Amino acid sequence: MLNKPVLVESLIVFIIVLFVHAVVWDRYSWCAIALAVQAFYVQFKWDRLLQLGGAVFQFRTAANSGLLPASMVIPLLGIVMKERCKSAGIVYFERFGIVVASTGMLVALFLSVIAVGVTKPVPTNTCILTGVAGSVIIYTMKHSLTVSEVIEVLEVLLIFVYLSMILLYLLPRCFTPGEALLVLGGISFVLNQLIKRSLNVIEGRGDPIDFFLLVAVVGVVLLGLFFTVLFIFMDSGTWISSMFFHMMTAVLGLGVIMPWLYRLIQRNPLFWLLQFLFQTQTRVYLLVYWTFLAASACGVVFYQNAKRSSESKKHQASTITRKYFHFIVVATYVPGLIYDHQLLYVAAVLCLAVFVVLEYIRYFRIKPFGQTLRHLLSLFLDERDSGPLILTHIYLLLGMSLPVWLFPRSCAPKGTLSGAGALVPYSGVLAVGVGDTIASVFGSTVGEIKWPGTKKTFEGTMTAIFAQIIAVALILIFDSSVNLNSSYAWILASVTLVSLLEAYTTQIDNLLLPLYLQIMFMA
């Protein structure tokens, strides 16, 4: 029997794909439609595998596979990036957008082929559909990509295959297939870009903050893999292991990551970072303000844990309590987006590295803070944290930061895109900080009419749409760089579609919604 919420979720994704196709209307957008059709059919094969326990790895059980919405994110991002950079006349990044789209399509096809291959009996119709879609995409790639670009796409696919085998084995029940596609696909692309740029360093070329992001992401991933293998042979909870963890983190940071970053930016990374952070008085004010907000977030954690009595050990924080952090994050990002994009970019990278390292300390029970972090964060767990890692706070940070990191600065000569594209950096604030937060708070307090087949309410979704429109109006008032050029109907349609997707998706909405809103704004 077909799952109605999954059908509605798929319909919303199809509408977004068709919107992008109507704007772009080239062979890549036709390939995106072919990919969406085959992903829709294969998604049900993945769902069946998850229900029967036939998947090769252990995936998150409280959600469907999410293959269709996840499969379309990277290809659509590449397509809209290509169009924006083509309009700006930046050929290098136009080609880069084509590589991103091709890579996303090939990785999604690979995941589809796995599902079809392990399904018994073999689904003949789905096999034919996947074969036809794959043939169309590969034929288009053959006539669009240069030899070096084909090699780059295949390199990312190879990294994705190996990362999937390693991380999905080490981290059972942390991802759905769709979330694994997004997260591991993104890490694979970042790793390949870092290797490519490290082998082709040209002095003075490239923005240091871009290299900072690449090295930070790859560095924390390699750090995690290293300690995971190490602690197979050692008890991570002892003081000796903890001292070794801190010592090796310093050695890897100062002996590997710092020299790597030095090679890329051609200057001392620590001196560059300090000079960057304190370059202007505005940055100092922002850093002080953000420090206050970080202390406030820690205060919320300690206060909520203090309320937890010894008799109610299973007590969990309410939805409204968890949304406090969404409000704090909005208060963090909005001033950065208005006054200093680059500082926000670097600060978000630093925050991601800190969050991931703290999660390693919690997961491996590293003394002296590992057990304390386990106790403090257990209060805020929900059904999405079913694996050994707690990822929801990291997903929240990623959802707010990805639109800032993925903003095509080189294709925006004046620092901002025209029309709805001017709101691209605000995609995380609107989709997660405002929309998702208001939908959850109002839906759980005053919502009565539920969307069919879900726990989400009609009142919550409508309030979220209204709140995001008000937020856009406030952005227009306070951010003079935003000029929408009368694209209000497109903004309303974008916000509405993403809010409906929030109501029906069972994937990590903190990660998925900002990316889809960014795609719509860039289109």
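Note: Cβ is positioned from N, Cα and C throughout, glycine not excepted.
Automatic prediction, not curation, is the source of TrEMBL annotations.
As written in TrEMBL, here are the features:
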type	residues	note
TRANSMEM	12-41	transmembrane segment
TRANSMEM	61-80	transmembrane segment
TRANSMEM	92-116	transmembrane segment
TRANSMEM	122-141	transmembrane segment
TRANSMEM	211-232	transmembrane segment
TRANSMEM	244-262	transmembrane segment
TRANSMEM	282-303	transmembrane segment
TRANSMEM	345-365	transmembrane segment
TRANSMEM	386-406	transmembrane segment
TRANSMEM	426-446	transmembrane segment
TRANSMEM	458-478	transmembrane segment
TRANSMEM	490-517	transmembrane segment
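Distant neighbours of the transmembrane segment (426-446): 319-320, 323, 326-327, 329-330, 333-334, 337, 396, 399-404, 456-457, 459-461, 463-465, 467-468, 471-472, 475, 495, 498-499, 502-503, 509-510, 513-518, 521; these residues of the same chain sit at least 6 beyond its ends, with a Cβ under 8 Å from one of its Cβ atoms.
Sequence-remote contacts of a segment are chain residues at least 6 beyond its ends whose Cβ falls under 8 Å from one of its Cβ atoms, and for the transmembrane segment (61-80) they are 3, 6, 9-10, 13, 16-17, 20, 24, 28-29, 31-32, 35-36, 39-40, 42-43, 46-47, 49-50, 97-105, 107-108, 111-112, 115, 173, 176-179, 181-182, 185-186, 189, 383-384, 386, 406, 501, 505-507, 512, 515-516, 518-519, 522-523. Counting Cβ pairs under 8 Å that are 6 or more residues apart, the transmembrane segment (244-262) and the transmembrane segment (211-232) reach 3 or more and are in contact. Same-chain neighbours of the transmembrane segment (211-232): 166, 170, 187, 190-191, 193-194, 197, 241, 244-245, 248-249, 252-253, 256-257, 260-261, 264-265, 269, 273, 345-346, 349-350, 352-353, 356-357, 360, 364, 405, counting only residues six or more beyond its ends whose CB sits under 8 Å from a CB of the stretch. The list of residues near the transmembrane segment (92-116) in space but at least 6 beyond its ends in sequence, with Cβ under 8 angstroms from a Cβ of it, reads 28, 31-32, 35, 38-39, 42, 45-46, 49, 56, 65, 67, 70-86, 122-123, 126-127, 130, 133-134, 137, 141, 144-145, 149, 152-153, 156-157, 160-161, 177, 181, 185, 188-189, 408, 410-411. Beyond the transmembrane segment (282-303), the same-chain residues lying 6 or more positions past its ends with a Cβ under 8 Å from any Cβ of the stretch are 321, 324-325, 328, 331-332, 335-336, 339-340, 343, 347, 376-377, 379-380.
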